[in-house]
Amino acid sequence: MENSSEIVSFVLSMYGDIGHLKYLYFLLIMIIYVSVILANTALIVIIYVKPNLHEPMYLFLCSLFVNDIYGSTALLPCLMVQILSETHDISLLFCFIQIFNIQTYVVLEFQILAIMSYDRYVCICKPLHYNSIITTRRVQIVILVTWIVSFVENGVLLSFTIRLRFCGTVIEKVCCVNYLVLELSCSTHKILSYVNDMVFGFVFCVTAPLVFILFTYIKILSVCLKASKETKTKAFDTCTPHLVSIMSLVFYCFYNLISQRFDMTFVPLELEVILSMYVFLVQPLLNPLIYGLKLSKIREAFKKLS
């Protein structure tokens with residue numbers, strides 16, 4: 001087993017010299033982070049205190065909102081510290097913790113959205129059997145298993161990176177990213193880490209949920225084409241927020257994949273930084289916004305509380 005004791009920290013080089021603008025950036029990130037916490041917590045509380053929202057779909061939404069808080073907390077507090085810091089070093093330990101949290105957040109987001117797509121499929125395609133298939137007890141078990149599997153899975157994947165010996169120290173991002181950390185390794189075992197990262201990280205954690213989501217929506221579309229106007233309207237109302245959330249997440253993953261494979265120097269640095277943090281800045285605000293505005297039960301519950 002090789003270790004990384006020769007290097008004790010990495011340098012996050014994308015911050016550059018932003019001068020006095022760092023205070024403005026710090027304020028903007030803090031406003032976004034506080035907004036994420038307030039918006040997601042508000043909807044979690046509304047779902048918790050309103051008995052008519054104790055339904056499977058809203059339990060999935062609670063899991064999604066908790067994950068959005070978890071995801072933004074995985075990066076934004078560290079980002080604020082780094083913005084104000086004169087040096088942009090991050091210890092190996094905190095770097096590995098950040099990688100674990102970031103990857104777990106993205107994987108959970110895909111898995112929760114995949115489960116929600118199945119919920120929509122049963123609701124629209126098998127409405128008479130919905131209450132017998134999607135029970136509260138089953139939903140609670142599925143949510144618990146999803147979180148446990150995601151944490152264990154990413155812990156195992158990260159263990160391959162932790163074992164490596166590192167020769168480089170500069171990470172050209174504002175946060176630690178696993179594939180960039182792997183590139184800093186001079187260990188003979190890093191090819192194994194690449195394979196595990198690709199097979200388990202990309203295929204099982206991203207591609208598989210996307211294929212499942214696509215399958216469920218093909219089924220939903222086939223039913224809607226033959227259904228009444230009322231069924232089509234119901235499907236549109238319940239599926240629109242879900243589709244928007246999926247497309248937003250896919251956009252981030254697509255950009256992330258492209259930026260790893262091609263030269264992105266033609267993209268302005270500021271835009272590249274924003275796009276690289278898109279899933280932590282936009283996604284955690286987008287979900288509570290679209291679900292809060294689109295779903296009538298949540299809107300009505302919010303009006304009564306306010």
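Backbone N, Cα and C define each Cβ position, glycine as well.
Taken from TrEMBL, the feature transmembrane segment covers 23-49, 58-84, 90-118, 139-162, 198-218, 239-258, 273-293. Residues or ranges marked as domain 'G-protein coupled receptors family 1 profile' in TrEMBL: 39-291.
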Seg_contact(the transmembrane segment (239-258), the transmembrane segment (90-118)) with at least 3 CB pairs under 8 angstroms, min sep 6: yes
Closest-packing stretch to the transmembrane segment (23-49), where packing means Cβ pairs under 8 Å, from 58-84, 198-218, 273-293: 58-84
For the transmembrane segment (273-293), sequence-distant contacts whose Cβ falls under 8 Å of one of its Cβ atoms, 6 or more beyond its ends: 14, 32, 35-36, 39-40, 42-43, 61, 64-65, 68-69, 71-72, 74-76, 79, 102, 105-106, 109, 173-175, 240-241, 244-245, 248-249, 251-252, 255-256, 259, 267, 299, 302
Chain residues outside the transmembrane segment (198-218) and at least six past its termini with a C-beta under 8 angstroms from it: 103, 106-107, 110-111, 113-114, 117-118, 120-121, 153, 156-157, 178, 239, 243, 246, 250, 253
